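Working notes, beginning with the structure itself.
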Amino acid sequence: MDSIASFDAKSLRKVQTSVRTTDGRRYTETRDDTGEPRATSPPRSDGQPGYVVDLQPDLQIGQVLPGLYIGSQDAAADSRLLQARGVTHVVNAAAATVPNFQEGNGVTYLPLQLLDLPEFTLTRDTVNHVCDFIDTALSSGGAVFVHCNAGISRSGALVVAYLILRRGMNLAGALEKARAARSLGRPHKSSSYYCRERERARENNFAVRLGSLHMGEGCCHRDAAWAPSRASRSQDAAANLPLLQARHVTHVVNAAASSVPDYHEGSGMTYLPLLMHDLPSYVITRDTIDVVCDFIEHALSTGGAVFVHCVAGISRSGALVVAFLMVKRGMSLQDALNTARAARPVVNPNDGFMQQLAELERSLRHQQQNQQHNDDDSDSD
């Protein structure tokens with residue numbers, strides 16, 4: 001007690017402290033010989049907001065989309081506020097510190113122990129889980145409230161990621177949409193970087209564009225860590241209806257129908273399901289190739305657009321698109337591969353498929369030579 005009573009601020013070791021004000025200004029301060037704080041650098045602003053002074057409950061709930069809301073833990077604790085919005089599902093992004101307030105009131109929770117730190121990694125599995133949770137709730141007529149502590153960073157990042165992955169928005173559009181609902185929303189730089197990567201990955205799902213022919217991935221339910229890093233492997237474009245609609249897709253070739261469903265068969269899209277296996281021993285028959293080529297050609301000739309996918313958008317779909325380019329566009333095997341890989345570098349039919357494509361090239365060349373020979377004979381007659 002004596003040491004406490006005799007405490008003198010002047011006895012403290014001199015240190016420099018970085019200070020950030022509520023309006024976003026930053027400066028460095030230390031204590032002078034009298035123990036009083038003194039600024040040692042002029043205030044400056046980096047254009048980012050400061051912290052939020054929590055002097056009263058933040059009950060603002062922003063509607064991002066019909067049935068999708070974002071806000072803070074204060075709103076999450078107000079059952080009447082949630083009931084007024086018809087909220088049936090809650091994503092609690094701060095479950096390590098914020099309880100699931102309405103868990104006993106018939107509300108379904110997805111608790112996530114995310115940390116509001118720039119170095120915290122928001123994994124793709126987590127984002128996929130959140131997106132599936134939201135889509136399930138909305139498709140069943142429910143409403144979802146996404147919150148963290150202040151309703152700024154963690155919840156903002158999750159909502160933005162959802163808009164990119166499931167609603168086909170780019171990063172700028174998703175941020176604008178989220179901030180229109182809740183002006184405080186600002187994900188950490190690391191979360192913004194993640195969202196930019198998801199935006200790039202989503203665009204890469206439709207990497208091959210030949211008129212209205214697109215190629216990408218299906219749904220990958222297995223570990224695909226062997227795939228090159230530029231291949232986005234989990235969130236499947238095939239299941240993303242807004243994304244397909246944005247590309248005006250009318251026809252889908254599902255090369256992995258044994259494991260990937262025809263997601264939008266009831267949405268006016270025409271499917272060609274193929275029970276292909278990504279094994280070197282699997283034979284892609286010429287009949288199968290002809291059916292695929294005719295399916296694509298018919299769709300394109302009627303003004304439609306075709307999406308070809310398998311699981312990872314690498315081997316099976318790659319082989320089919322390459323075969324189409326060879327059969328219907330007259331390309332050599334190497335030119336067809338170069339065309340596909342120039343747009344989607346991960347295209348890589350397995351060794352067995354490559355051997356079959358090489359045989360297809362020889363067969364097409366032989367047909368062309370025979371046709372040329374017949375034409376020459378006709379001319380001589």
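Positions of Cβ are set from backbone N, Cα and C atoms, glycine also.
Sequence annotations record features per position, and here TrEMBL assigns region 'Disordered' to 1-52.
Under the heading compositional bias 'Basic and acidic residues', TrEMBL lists 22-36.
Per TrEMBL, domain 'Tyrosine-protein phosphatase' is recorded for 60-204 (among others).
Helix, strand and coil content of the domain 'Tyrosine specific protein phosphatases' (124-182), in residues and according to DSSP, is 40 helix, 4 strand, 15 coil. According to TrEMBL, the feature domain 'Tyrosine specific protein phosphatases' maps to 124-182 (among others).
If you average pLDDT over the domain 'Tyrosine-protein phosphatase' (222-366) in this model, you get 82. If you look up TrEMBL, you'll see 222-366 (among others) marked as domain 'Tyrosine-protein phosphatase'.
What TrEMBL lists as domain 'Tyrosine specific protein phosphatases' is 286-345 (among others).
For the domain 'Tyrosine-protein phosphatase' (222-366), the number of residues in each DSSP class (helix H, G, I; strand E, B; coil) is 69 helix, 14 strand, 62 coil.
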